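Peer 1: Here's the feature list from Swiss-Prot:
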- 194: active site, proton acceptor (ACT_SITE)
- 13, 14, 108, 143, 258, 282, 284: NADPH binding site (BINDING)
- 108, 139, 141, 194, 247, 257, 258, 259: sn-glycerol 3-phosphate binding site (BINDING)
């Protein structure tokens with residue numbers, strides 16, 4: 001493939017990490033953000049110290065604060081902005097974009113209120129004549145490891161196989177490998193909902209529970225993620241792949257995960273408002289918990305872990321009391337309520 005011009009919308013840790021992958025593959029990368037000091041730092045010092053203290057970026061990676069300039073003559077746009085601003089940024093893109101491009105996203109969340117997936121938002125806000133089918137790039141990936149070129153394998157899902165292959169071709173190299181997938185709903189919901197379980201896994205650690213408990217919440221968390229995803233139209237086998245169990249393992253067991261760290265702090269008795277303030281970064285699992293809880297209520301899907309975490313985050317339930325509530329639920333068969341045939 002010829003070198004591509006790619007706008008990466010979102011200068012956070014994952015946007016920066018993916019920008020480096022694309023740059024390593026010979027593409028022209030333009031990072032867009034609205035923090036003027038951060039954009040100047042990337043251009044002048046080739047660093048993004050808010051997220052990476054000791055990483056120097058290639059000087060060919062350029063940062064833009066003007067969206068129209070960042071999108072000028074690009075071949076592809078990669079959205080890596082927080083879920084809560086995705087619709088706003090998509091509207092802005094639609095206003096200034098002058099030609100058809102590939103649209104990809106690497107965000108993980110559900111929109112508050114609408115409960116929409118990211119691809120749904122992008123489809124609604126960016127006219128079809130300006131884009132192909134949306135590609136979801138998701139899987140087990142810590143930006144802290146990708147930025148130092150550690151081996152990472154993730155999925156690229158689209159309703160159009162050619163679009164998924166495009167994502168595969170621009171990203172894949174010796175340390176970063178993409179597998180194509182056609183289950184957009186499954187890949188997106190797996191990536192979003194695992195953040196909820198990661199908060200719970202972190203809380204168990206903060207409460208002092210051991211590996212048995214952590215394995216249990218990850219496994220049972222996967223079961224309820226699958227239940228909700230299948231009810232939304234996903235393929236159940238997707239949840240046993242990279243974007244499902246893979247992402248759940250990496251996010252639910254690692255100190256690199258901000259969702260896990262937030263849960264750990266909750267388990268130690270801190271309040272979520274203080275945790276978010278101290279971290280200074282978006283904790284997607286917090287807002288996703290609310291959206292998933294409301295969606296599960298609407299679809300009548302049993303999600304006891306999600307419900308408990310919702311009560312801890314939004315109703316001031318004590319985390320340890322929440323664990324006991326789950327343990328005291330009526331006993332049942334392990335595979336109850338998992339309908340793999342949809």
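Each residue, glycine too, has its Cβ placed from N, Cα and C.
Would you situate these features in the structure and describe their surroundings?
Peer 2: With a cut-off of 8 Å between CB atoms and residues at least 6 apart in sequence, the same chain places 108, 221, 225, 244, 247, 248, 251, 252 near residue 194 (active site, proton acceptor), listed in sequence order.
The secondary structure of residue 13 (NADPH binding site), as reduced to three states from DSSP, is helical. Sequence-distant neighbours of residue 13 (NADPH binding site) (same chain, 6+ apart, CB under 8 A from its CB) are 51, 52, 143, 144, 147, 281.
Within 10 Å of the C-beta of residue 141 (sn-glycerol 3-phosphate binding site) there are 25 other C-beta atoms, taking all protein chains into account.
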Peer 1: Taking only same-chain residues 6+ apart in sequence, whose CB is under 8 Å from that of residue 282 (NADPH binding site), what do you get?
Peer 2: 12, 82, 84, 258
Peer 1: Return the residues near residue 257 (sn-glycerol 3-phosphate binding site), defined as same-chain residues 6+ apart in sequence whose C-beta is under 8 angstroms from its C-beta, sorted by sequence, else 'none'.
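Peer 2: Counting only residues 6 or more apart in sequence, the Cβ neighbours of residue 257 (sn-glycerol 3-phosphate binding site) under 8 Å are 142, 198, 202, 250, 251.
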Peer 1: Given the binding-site residues 108, 258, which one has the fewest other C-beta atoms within 10 angstroms of its C-beta?
Peer 2: 258
Peer 1: Out of 139, 141, 259, give those binding-site residues positioned within 10 angstroms of residue 14 (NADPH binding site), comparing C-alpha atoms, in sequence order.
Peer 2: 141
Peer 1: Among all the protein chains here, how many other CB atoms are within 10 A of the CB of residue 284 (NADPH binding site)?
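Peer 2: There are 25 of them.
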